[in-house]
Amino acid sequence: MDNEEENHYVSRLRDVYSSCDTTGTGFLDQEELTQLCTKLGLEEQLPALLHILLGDDRLARVNFEEFKEGFVAVLSSGSGVEPSDEEGSSSESATSCAVPPKYMSGSKWYGRRSLPELGDSATATKYGSEQQAKGSVKPPLRRSASLESVESLKSDEDAESAKEPQNELFEAQGQLRSWGCEVFGTLRKSCSPSFSTPENLVQGIWHELGIGSSGHLNEQELAVVCRSIGLHSLEKQELEELFSKLDQDGDGRVSLAEFQLGLFGHEPPSLPASSSLIKPNRLWSHYQEESGCHTTTTSSLVSVCSGLRLFSSVDDGSGFAFPEQVISAWAQEGIQNGREILQSLDFSVDEKVNLLELTWALDNELLTVDGVIQQAALACYRQELSYHQGQVDQLVQERDKARQDLEKAEKRNLDFVREMDDCHSALEQLTEKKIKHLEQEYRGRLSLLRSEVEMERELFWEQARRQRAVLEQDVGRLQAEETSLREKLTLALKENSRLQKEIIEVVEKLSDSEKLVLRLQSDLQFVLKDKLEPQSMELLAQEEQFTAILNDYELKCRDLQDRNDELQAELEGLRLRLPRSRQSPAGTPGTHRRRIPGRGPADNLFVGESTPVSLETEIMVEQMKEHYQELRMQLETKVNYYEKEIEVMKRNFEKDKKEMEQAFQLEVSVLEGQKADLEALYAKSQEVILGLKEQLQDAAQSPEPAPAGLAHCCAQALCTLAQRLEVEMHLRHQDQLLQIRQEAEEELNQKLSWLEAQHAACCESLSLQHQCEKDQLLQTHLQRVKDLAAQLDLEKGRREEREQEVLAHCRRQQLKLQAVMSEEQARICRSFTLEKEKLEQTYREQVEGLVQEADVLRALLKNGTTVVSDQQERTPSSMSLGPDSRQQPTARQAVSPDGRTGAPAEWPGPEKAEGRDFPGQLCSIDAMPSPTPTLLSRRSSENLGVRDNHQRPLNAEEGAIPKEPEPSARTLTGQGQKLPLPVHPQMLEPSLGTTALDRKAASVGVQGQASEGPVGDGEGVQEAWLQFRGEATRMRPSLPCSELPNPQEATVMPAMSESEMKDVKIKLLQLEDVVRALEKADSRESYRAELQRLSEENLVLKSDLGKIQLELETSESKNEVQRQEIEVLKRDKEQACCDLEELSTQTQKYKDEMSQLNCRVLQLEGEPSGLHTQKEENHGAIQVLMKKLEEAGCREEQQGDQIQNLKIELERVNEECQYLRLSQAELTESLEESRSQLYSVQLRLEAAQSQHGRIVQRLQEQMSQLVPGARVAELQHLLNVKEEEARRLSAQQEEYRQQLKAREDQVEDAEARLRNVEWLLQEKVEELRKQFEKNTRSDLLLKELYVENAHLMKAVQLTEEKQRGAEKKNCVLEEKVRALNKLISKMAPASLSV
């Protein structure tokens, strides 16, 4: 072990030793030694160690060196076990002869030694050869009392010893033995002179740890053993290396023999025995064994120099030295044979020498051997003593130098303290002046700031009230608008429901009228068949009337058609003006026209189209109302919160003000009471003094005239007695005066001394207290100024950061909203452009289709005009053929009721022939409207039902007239003319193909054939033509562009029109015959009455038609009203949007105002910084303080903590004020005590004066008889002396009173300063509270802005969701409308064909 490690373990042992030294003297008694051994883990060695150190004297004390020697001796005796060899031979410990000690001191013996017996020389020689053999391989480990044992004992307390590599733990010099001593020594059950072998020790360890029962250890059990012996920090790799090193046979287990060989393979069994001397360890073992009987001795030099160790000059701290160093040390002293001396002392010249063992060996040699060795030992001791003497001298010099340095340092410190005191006093005076100046400046500025803040607060509240009134007006207006909109919506809903009911009723009336018309037609046909004769020529006279009626109806129809076209155009314009969500999703404007005649689901869909509009508007209005309600609630909550806060602040301010006023009033009242008491006491004392003065004057003046009179009266008679009494009285008076004077002087001196001491103590305490309070107030004020400046800087920085964050957040929100709005606008624009393009495309296609249809219709019209002109030319000729035709009873072609022609047959009579001829005529008349599709583009689907109602009564009239047999008809048929009625549908079908126009024409022809009623006049023809035109107009919007006639069909159309014109001519001829027949039948009144009735019914039906038209007009007007209401709702919506924009502008305005307020707050906060800069320019000392404040301002402290600190400081100042008040109360009490004492003194003085007065009076009475004038003069002199003493006492009393008044003035000044400081602190606290409230308000405003932004975002999301829902609904409605259009297009032909 090197020097550093040894010094380290010695220092650690000394630290443990010092920790047990409770007295601090450097000596330990028995209890402290027991505690030290417990800390070192030496419970088993404790009795032996106590016996070695203390002996029988349990009250003795030992120092560190003695403990170290005994400690090493105990450990070396515990480790001095001789292992046995293989043959079982062991060396026996020699017994020593007891030598009596040379000196005994108590329980300690000095000069004792042991002489062990010599062992077997052969055994010793063999043992020495073994040691030399093993020493050639490894250096031997010595069982000496070195500091290795200290290292082993401290290994459990220090973790560093466990961090060494494993090989060093087992191979380092001295390490294994000390480790084995520690482990095996502490685990033994008892401490006895006879020890076990290493095998038994290892087995004992395994048994205590509960491992190795099978005689082998695995890796985990080896780790447990290593931890138990102090190797706690072995890593896994090191443990594996140790296990592989111990496992020599490689079976994966460590046996007991392998473990023992690995642990003790490097340990020498023992050291060789010398023929002349025994090793020191054996000496110490014998000493351990013989310590109980007190028969052993030690060296006298060693005992005198306790803890002495030789060769300290060559000791590096480890307790070992090289033999060369020892030999050279001896050579320096003149001893040349040092190597032989070492060998003779059984020390090897090739290894390090244990200096302690060498010391003991030399000590033993000094006692036993004379000669050169003794000289060498003495030289060593002399060298050691000289070395230590040099060290002591060096230490003394260092101590003296340190003492001089300390004195110099103390002088410098005193000088520095004086300078610092002067500097501090100057600084205090300067800071007091500056603080007063600053207080005045701050008071003025604080008053100005307070007035400005009050004005700003009033302005803020005025603005808030105005804004609140404006917002309340806006809310009221919005509520009124909301109620009006809601009322309008309810009215619109009611109107829609009423219109739906009216339309349903009209549809029911139409169905009833249709049924009535059919019934009337059947009745009329029956009547005409039965009663109308062909000879009644009266009907022919009514031809002109019927033509006029037809013309009137045609004009009315045209007017209605024009009116319907105009209404249709207006409806189309309205649809274009409506938003896309309210428009019809169909591609053509005729989608809704096909819904009214259907009367079913289409009718309900058309009527309820305005319901989504009203619901959407109502939802929007509800949302607006909720938003305004929320805004109003938020505004009310804000106003209420601010009002409550202001009220609380006012109440707190009033409360604090009242408390302060009450406190000040109490203090003033207490001071006034004290002042009144002092004044009363002063008045009383003055009165007492005046009374005393008067008494003294009276006593001095009254006896003057008496002595003369008495002297003259009694001089002669009582001269002898007067002299004797005078002497006695004089003596007695002198004694009494002396006694009274002494007592009064003693009392006065005591009182005065006590009062002076008390006064001095009070003055000193007050001055100290005043100085402390002044220093504290100055420090608190400066600290407060620093804190306020730092707080202002922090608040300014935080406010700037907060404003930047808010502005950045607002910018981000604004950018997001702008992006969302731009996206929304772009999307709306795209959808609008797409919709516009679609509508333009559809309208373009419709216009193209209409143009093509108009061309076709123009061609048809041209052909129709030619046919009509030919018909007009043929009319006279046909009329001329009438008589001839009536006379020809030829066969006719029969027409079946289903429209098919049959073969000519013989008719049984003229009546039947005529009856069969009229259905054919009716069929030919019904087929006539086919060539008149010129007005298809003008018809609208809304007037279809009206035209049907108008058309069916006319058809009834037409069908009722030609049922009477007519001669003209028979004449026509008799000429062999065959009616080509069934040819028209067959011609129309190939010409038009699968178009809807062919289907309508065919359905009209079939309907005319099924009726089997002959047409009687031209009015029926016109009505039939109108019916077909209405059907064609109704079917025109459903015709797609692909169904327009192509060029091939255009070539077929002229041929078809020519044939149809021929048929029309034939029908006209037949109608003329019918008219003549009706004119001839005019003679029959019954038939006329029937015709009159039919005409009246026709008029009634016309009036019904007019009513229906009026109802339609009213419905159109109602629709117009609804459209206006919708426009009003639009305007309201725009107004609401404008209101939202106004609210947003108001919020922006509020934000601007808040930023202005923040700027104003920053400006107000910047003013103190400006003041600080001004103070920096004016005052140099305050500039240093401000720099410190700016440096301290970098620290971040919360405002609430600062306010709390200020409150705590205010409480502390209040406590100090209370303490001052208590001190003042104590002073007043002491003053009262002094006054009471003074009063008692005055009373005693008055008693003495009264007694003195009585004595004087007696003396005067006696002197009136005996005392002469000289005696009176002496008494007067005594009275003057007393008066001087009384005046002196009054002067002292006046001085005391003045001092008391000065103290009271000082107390009042201190209280005034404290009030000023409290006022300043309260103002600072109020300012900080206001600033905190402003910060909270700004935070609340920011939070409200965030909430408003969130609401706006939610509103935008809701509108987007609603728009998506509306688009989805529009898509669904478009699909439904397409499906309904398809369904109607399929159902319409079937319904018309029925």
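The backbone N, Cα and C atoms fix where each Cβ goes, and this holds for glycine too.
Summarising the annotation, Swiss-Prot assigns Ca(2+) binding site to Asp247, Asp249, Asp251, Arg253, Glu258. The DSSP secondary structure for Asp247 (Ca(2+) binding site) is coil.
For 151-166 (among others), the entry in Swiss-Prot reads compositional bias 'Basic and acidic residues'.
Per Swiss-Prot, compositional bias 'Polar residues' is recorded for 866-893.
If you look up Swiss-Prot, you'll see 939-951 (among others) marked as compositional bias 'Basic and acidic residues'.
The domain 'EF-hand 1' annotation in Swiss-Prot covers 8-43 and rests on sequence analysis.
The feature domain 'EF-hand 2' is assigned by Swiss-Prot to 42-77, with sequence analysis given as support. Counting residues of the domain 'EF-hand 2' (42-77) by DSSP class, helix then strand then coil, yields 23 helix, 1 strand, 12 coil.
Positions annotated as domain 'EF-hand 3' by Swiss-Prot: 197-232.
Per Swiss-Prot, the feature domain 'EF-hand 4' maps to 234-269; the stated evidence is sequence analysis.
Mean model confidence of the motif 'D-box' (632-640) amounts to 78 (pLDDT, 0 to 100 scale). Residues or ranges marked as motif 'D-box' in Swiss-Prot: 632-640.
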Per the Cβ filter (under 8 Å) with a sequence gap of at least 6 from its ends, the motif 'D-box' (632-640) is approached by 464, 468, 471-472, 475, 1340, 1344, 1347
Please give me the CB contact count at 10 A for Glu258 (Ca(2+) binding site), counting all chains in the structure. 18
Residues near the Ca(2+) site, Asp247, Asp249, Asp251, Arg253, Glu258 excluded, by Cβ within 8 Å of the Cβ center? His216, Leu246, Gln248, Gly250, Gly252, Val254, Ser255
Using DSSP reduced to three states, classify Glu258 (Ca(2+) binding site) as helix, strand or coil. helix
Just checking, which of Asp247, Asp251 (binding-site residues) has the fewest C-beta atoms within 10 Å of its C-beta? Asp251
Counts of helix, strand and coil residues, the domain 'EF-hand 3' (197-232), according to DSSP: 22 helix, 2 strand, 12 coil
Across all protein chains shown, the one of the binding-site residues Asp249, Arg253 with the most other Cβ atoms within 10 Å of its Cβ is Arg253
